[in-house]
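Here's the structure we're looking at; comments come further down.
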Amino acid sequence: STHASGFFFFHPTKMAKSTNYFLISCLLFVLFNGCMGEGRFREFQQGNECQIDRLTALEPTNRIQAERGLTEVWDSNEQEFRCAGVSVIRRTIEPHGLLLPSFTSAPELIYIEQGNGITGMMIPGCPETYESGSQQFQGGEDERIREQGSRKFGMRGDRFQDQHQKIRHLREGDIFAMPAGVSHWAYNNGDQPLVAVILIDTANHANQLDKNFPTRFYLAGKPQQEHSGEHQFSRESRRGERNTGNIFRGFETRLLAESFGVSEEIAQKLQAEQDDRGNIVRVQEGLHVIKPPSRAWEEREQGSRGSRYLPNGVEETICSARLAVNVDDPSKADVYTPEAGRLTTVNSFNLPILRHLRLSAAKGVLYRNAMMAPHYNLNAHNIMYCVRGRGRIQIVNDQGQSVFDEELSRGQLVVVPQNFAIVKQAFEDGFEWVSFKTSENAMFQSLAGRTSAIRSLPIDVVSNIYQISREEAFGLKFNRPETTLFRSSGQGEYRRKISIA
């Protein structure tokens, strides 16, 4: 006979079927959980991290000053961050500041809060598609280098034939996606500070080092580590004295020189033992790189591809993938109410690379006293950062307890765990926020309004579960005709006298 457990007694035919079922189950598991190590990963013992009875408005706890900028780090030891499996930092790059190239062990989402700049990535296997011969060498040591380069590398006349990978523009309001392990740099070519808020998804399966703290590797300089486990907020780190080094520092100088075919003196420059500028350095005479001449040129290039995303195996390659969407453009709003505000979402449909990062984002704008309907995120944690203005935020957990009822102001963030209910209302000066979400297609369910859970219930069900009359149940369902964003009740009256036959 065959037992229900099926571990000790097998019928040959049924054993074959069981094997097929097992293989099919494994295949479905792989398909639904992502292939090639993609997706989010969470240890079973981390389950209790989200049993939170109190949330707080979080601000950076560590400041790392560099020659031409500032890095502010939120404490990843906070229970909210451990629950969501993320870390957050904010960088400020002053004009003519260059962020040294680095990469992390986890994917990142970057929101450009202020300013403009350019960035470049070193994507493995991608060609150097930006090339030019416009950089001039003039006399002295430069002339000697030019002559050597002309013989060795085919430089033409007095023009240095540079080539490098694609340069991308950074503009205020951009949401920028950065895959794990891809090295990148940034430069502020504007006249005001470039401020970026960066979410690092440490729980992503791509991060196989430390699931609570991202590990950042620098290719230049001797910067202080932003995250270094439980010691990252030590007194020494707060004073900015614990510098480490870039990845070339650990190699023997002679081997490094031989690897690049340069002198040991140049190899020592790569190791940067005497470089105390930090991770954001000053560019004395401006940064000269090959880049498109104008924003209009870039928009024409993107527009020629059309607005529909039809994968064909060519445009979809990582080398030419679109990595940014601007969420500050009102014309791109997904939800818009003239009296209340707008909501713009970024997910794998309008930024396909997010399918691989398993992240998404949203930008919300509430006008004076307006509110966003109470709602909860079905399939993602929500890390909400206040961009400007102020708002009152209430968050409720699974036991019906208020775990957060505070004002959120510019520069603060709050972590909203999956399925925790939240309501937002702007103060007199309005409220703007950006949300980073831990799913490539994060969804939320409204609890009030035209598309709410209550609206989908029959009137008699509403009447009985809340012990109210059918008239009151009707008003509860239909008093708010909007979907998501509600204007202030002072600007319009929604209560209606309803008679039910």
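Glycine is treated like the rest: Cβ placed from N, Cα and C.
A TrEMBL annotation is a machine prediction, not a hand-curated record.
According to TrEMBL, the feature disulfide bond maps to C50-C83 (among others).
Confidence annotation: the domain 'Cupin type-1' (55-268) carries a mean pLDDT of 83 in the model. Summarising the annotation, TrEMBL assigns domain 'Cupin type-1' to 55-268 (among others).
Within 10 Å of the C-beta atom of C126 (disulfide bond) sit 15 other C-beta atoms, taking all shown protein chains into account. Annotation source TrEMBL lists disulfide bond at C126-C319 (among others).
Among the features that TrEMBL reports, domain 'Cupin type-1' is placed at 325-474 (among others).
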### Query
How many neighbouring Cβ atoms, not counting its own, are there within 10 Å of the Cβ of C319 (disulfide bond)?
14
### Query
If you count Cβ atoms within 10 Å of the Cβ of C83 (disulfide bond), leaving out that atom itself, what do you get?
22
